[in-house]
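Chemist: This is the structure, below, for whatever I ask next.
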């Protein structure tokens with residue numbers, strides 16, 4: 001079956017973060033090179049802590065973002081929730097993509113955080129705030145993220161999210177192998 005999407009499809013992104021929006025745009029245009037998309041970011045709550053501190057809380061945040069984006073904007077063909085979190089000494093993100101009939105999910109690669117960053121997290125709002133403090137950056141979470149700092153810009157938040165989003169799109173790029181899983 002072809003991966004082509006013919007008409008303009010609205011992709012509702014449950015974030016206004018430029019790094020997340022860039023990753024979603026990149027993944028969709030890569031997965032569907034003949035597709036035409038309109039990408040719309042919306043500010044919706046994750047209903048979890050600003051800095052989720054477990055895999056399950058992070059996953060729930062991504063699911064909640066999709067649910068809340070659907071409630072906010074009923075006109076989407078796709079809804080994308082991305083939630084970054086920490087579990088132990090690693091950070092990662094969950095990607096959830098839904099249409100009206102399908103859901104795809106994937107977790108990004110994980111990266112270890114320095115001990116001095118981990119030590120400061122209990123008194124911080126989000127990892128990005130601690131990274132800015134420790135590394136002397138400003139608003140890193142909306143740029144390359146912790147991963148760009150720790151890999152000397154070999155990877156960025158958007159590049160790692162791009163890969164995870166491509167994986168979350170598998171049910172949509174291979175619909176003949178994935179029956180509808182939403183009712």
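Positions of Cβ are set from backbone N, Cα and C atoms, glycine also.
These came from Swiss-Prot, pasted as-is:
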- 75: Mg(2+) binding site (BINDING)
- 75, 76: substrate binding site (BINDING)
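Explain the structural surroundings of these features, please.
Modeler: The Cβ of residue 75 (Mg(2+) binding site) lies under 8 Å from the Cβ of 10, 12, each of which sits 6+ residues away along the same chain.
Close to residue 76 (substrate binding site) in the fold, though at least 6 residues off in sequence, lie 10, 11, 12, 40, 69, 70, each with a CB less than 8 Å from its CB.
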